[in-house]
Amino acid sequence: MQRERKLCLYVNAIKHLGEERDSRAKVSLHSYCVHVNRLNIRRGIMTKNYWQFIREKVDWPVFLFSGGILLAFVLFSFFKVDAVSNFVNKGFDLSIRYFGAYWQFLMMATFVVGAVLAVSKYGKVRLGDAKKPEMSYFKWVAVILTTGLGAGGVFWAAAEPMYYFLDVPPMHKGIVGGTEEAIGPALAQSYMSWGFTAWSVYGAISAIILIYAHKHKGMPLKPRTLLYPILKEKVLTSKWGAAADVFCIIGAAAGTIGPIGFLGLQVSYGVSSIFGIPDTFITQLSVIVILTGVVLVSTLTGIEKGIQFLSKLNVNMVAVIAVFLLLLGPGLFIINSFMSSYGTYISEFVNISTFRGDEAWLGGWMLFFFGWFIGFGPLVALFVARISNGRKIREIFVVVAVIAPVVTNFWFTVLGGTGIFYELKNLGSVSGPLEEGGLPSAIIAIAGQMPLGSIMPSVFLILTTLFVVTTVDSMSYSISMAVTGDGNPPKVVRVFWAVIMSTIATILIKIGGGGIGALQSFVVIAAVPVSILLLPVVWYAPKVARVLAIEQGIVKEEQDMVMIKEVAADRETELKSQ
C-alpha cells in the first residue's frame with residue numbers, strides 16, 4: 001500500500017509540474033494509480049460485505065441437508081459402526097438387486113445416444129456462448145481425464161486386473177484363474193468397469209443440457225439444472241430440484257472422502273514398507289494433512305492455474321511411467337495383452353454389459369463400479385460443462401466417452417498387466433501381498449519388481465497422492481458449484497468442502513476400516529436417486545441438440561417442423577412465466 005500511495009503522489013507531482021517529457025510514463029503511472037484506487041474500493045466493498053455475499057450465494061437448505069446427512073453418518077459411525085455397516089450393507093444389496101439391471105440399461109443408452117449425436121450432423125453444434133474454448137485441447141483433455149479417473153488411477157489400476165486374473169469373472173466360463181488364458185478376460189472386465197459406458201455418464205450427453213440451460217437460459221450450474229427441460233424455470237424453486245442437488249452432493253462427497261481415507265492408508269502402508277516408519281494413525285493423519293494443504297494451495301490459485309497444473313502434471317507423470325515400463329519393463333507383454341484383451345472387450349461388449357447371471361458377483365464388482373460412476377456422474381458433468389464452454393457436442397463425446405476410457409484402459413494394462421506378468425513369472429509375488437494387505441499393498445508389490453525397484457514404490461506413492469489431490473480439488477469445486485450455482489464459486493466455500501471431506505476421512509480412519517468401507521457402499525445407495533435424475537437426460541439431450549442445431553443453421557427449419565413447433569411452444573411458455 002505504501003508503494004501504491006507513493007506512485008499516486010508521484011503521478012500528481014508530475015501533473016502539477018506540467019513536464020512534457022516522459023509523457024507515456026506519466027499516462028501509464030496515472031492509469032496504474034486509477035486502477036489501484038478502483039481495486040482498493042472493490043476490496044473494501046468485498047471485505048465489508050463478503051460474508052453477506054456468501055450468505056446470499058449459498059443455497060442453505062441444500063447445504064445443510066447434504067452436510068447434515070454426512071455429519072449424521074459420521075456420528076452414527078463413531079458410536080455404532082457395526083450397526084451403520086449392517087444398515088448400509090442392506091441398502092447396498094437392495095440397490096443392486098432392484099436397480100442393477102436399470103443401471104446397465106442407463107449406461108448403455110447414454111453411450112449409444114451420445115455416439116449417435118456425435119456422428120450425426122448434431123455433433124457440429126457448438127455449446128455455450130464462447131467463440132473459442134477457454135482451455136487448450138491438451139489441458140482440457142488432461143483435466144477431464146484426471147477428474148474422471150481420480151484415485152482409481154492407481155488404487156484399482158494395480159489391483160482390479162489381478163483380482164479378475166486370480167478369480168475369472170463368471171461370464172467367461174471354463175477359464176482357469178491364474179493361467180495365461182485368464183489374462184484376456186481379466187483385463188477385458190477391467191475395461192468394462194472403466195470403459196465406454198461408465199465414462200459416458202460423466203457428461204457425454206448431460207453436459208449438453210447443462211451448458212444450454214446455463215448459458216442460454218440463465219440457469220445455475222447445479223445438478224437440478226438437468227431437470228430444466230421438464231420443469232423449466234420452476235426447477236429453481238422445485239423440491240425435486242433441491243432433492244437432486246442433495247443426493248448428487250452426498251454421492252460425490254462420499255465418493256471423494258473414501259479415496260482420501262484410502263490414500264492415508266496406502267501412503268502410510270507404503271512409507272512403512274519402504275522406510276520403516278510405523279504404520280500408525282499419526283502417519284495416516286500426517287498424509288491427509290499434507291494432502292489437504294496441497295489442495296488448499298490449488299484452491300487459492302483457481303481453476304485456471306491449480307487444477308490445470310495438477311492435471312497436466314498427473315498426465316505427464318503417467319505418460320513417463322508408461323513409456324518407462326514399455327521400454328525397460330515387460331513392454332511387449334503389455335502391448336500384446338492390451339491388443340488381445342481389447343479385442344475380447346469389443347467382441348464381448350454387449351454380452352458383458354448386459355450380463356445378469358451372477359447377482360452376487362455383479363454386486364461386488366461391475367455394478368459396484370457402475371454405481372460409483374453414476375453417483376459421481378452429475379458432479380463430474382457439472383465440472384465438464386464448466387470447462388467446455390465453446391466446445392462442440394462431438395468433441396465432448398469423443399473425449400469423455402472414447403479417449404478417456406481408452407487411455408484409462410491402457411493405463412490399467414500398464415499397471416495391472418505388469419502385475420500379472422510378475423505374478424506369472426513368480427507365483428505369489430503380487431497375489432500374496434494383495435491377499436494379506438488388500439488394495440494398499442498391490443501397487444507396492446508390483447512397483448518393487450519393476451526396473452529401479454528401489455525407487456518406483458516411492459514414485460507411485462507420489463502419483464497416487466497427485467491423483468487424489470486432483471480428485472479432491474475438482475470435487476470440492478463441483479460441490480461448491482452445486483451449492484452456489486456459480487461457475488466460479490467463492491474460494492471459502494471450496495476450502496470448506498476440501499477441509500470437511502478430509503476431516504471426515506480422518507475420523508473414519510480413526511474409527512476403523514468399517515467406517516470407510518460403509519461409506520464406499522453408501523455411494524452406491526446414493527446412486528439410486530441420482531440414476532433416476534440421469535434418465536430424462538437420455539431423452540432430452542437430443543432435443544436440446546436439435547434446438548441448438550436450428551439456431552446455429554446446422555439444420556434447416558423446413559427439415560424439422562415438429563422441432564420448430566416445440567421451440568415456439570417453449571418460448572411462449574417462457575414469455576407467459578415472465
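Numbers here mean position along the shown chain, with the first residue as 1.
Positions of Cβ are set from backbone N, Cα and C atoms, glycine also.
Feature annotation from TrEMBL assigns transmembrane segment to 58-79, 99-119, 140-159, 191-213, 242-269, 281-303, 315-340, 360-384, 396-422, 442-472, 492-512, 518-541.
The list of residues near the transmembrane segment (315-340) in space but at least 6 beyond its ends in sequence, with Cβ under 8 angstroms from a Cβ of it, reads 141-142, 145-146, 153, 183-184, 187, 409-411, 413-414, 417-418, 420-421, 450-451, 459, 462-463, 466. The transmembrane segment (281-303) is not in contact with the transmembrane segment (99-119), judged by fewer than 3 CB-CB distances under 8 Å for residue pairs 6 or more apart in sequence. Put simply, of 140-159, 191-213, 360-384, 396-422, 492-512, the stretch with the most CB pairs closer than 8 A to the transmembrane segment (58-79) is 492-512. Counting Cβ pairs closer than 8 Å and at least 6 residues apart in sequence, the transmembrane segment (442-472) and the transmembrane segment (242-269) reach three or more and so form a contact. Cβ atoms under 8 Å from those of the transmembrane segment (396-422) belong to residues 111, 114-115, 117-118, 123, 127, 140-141, 144-145, 148-149, 153-154, 156-162, 165, 183, 186-187, 190-191, 194-196, 198-200, 202-205, 207-208, 318, 321-322, 325-326, 329-330, 333-334, 337-338, 341-342, 345, 384, 388, 429-430, 442-443, 445-446, 449-450 of the same chain, restricted to positions at least 6 beyond its ends.
With a cut-off of 8 Å between Cβ atoms, the residues of this chain six or more beyond the transmembrane segment (242-269) that come close are 59, 61-62, 65-66, 69-70, 73, 150-152, 155, 222-224, 226-227, 279-280, 283-285, 287-288, 291, 372, 374-376, 378-380, 437, 439-441, 443-444, 461, 464-465, 468, 471-472, 475-476, 478-479, 482-483, 497, 501-502, 504-506, 508-509, 516, 519-520, 522-523, 526-527, 529-530, 533. Taking every listed stretch (140-159, 191-213, 492-512) in turn, the largest tally of C-beta pairs under 8 A with the transmembrane segment (518-541) is reached by 191-213.
Ranked by the number of CB pairs under 8 Å to the transmembrane segment (99-119), the listed stretches 140-159, 191-213, 492-512 are led by 191-213.
Spatially, the transmembrane segment (191-213) is adjacent to the transmembrane segment (140-159); three or more Cβ-Cβ distances between them are under 8 Å for residues at least 6 apart in sequence.
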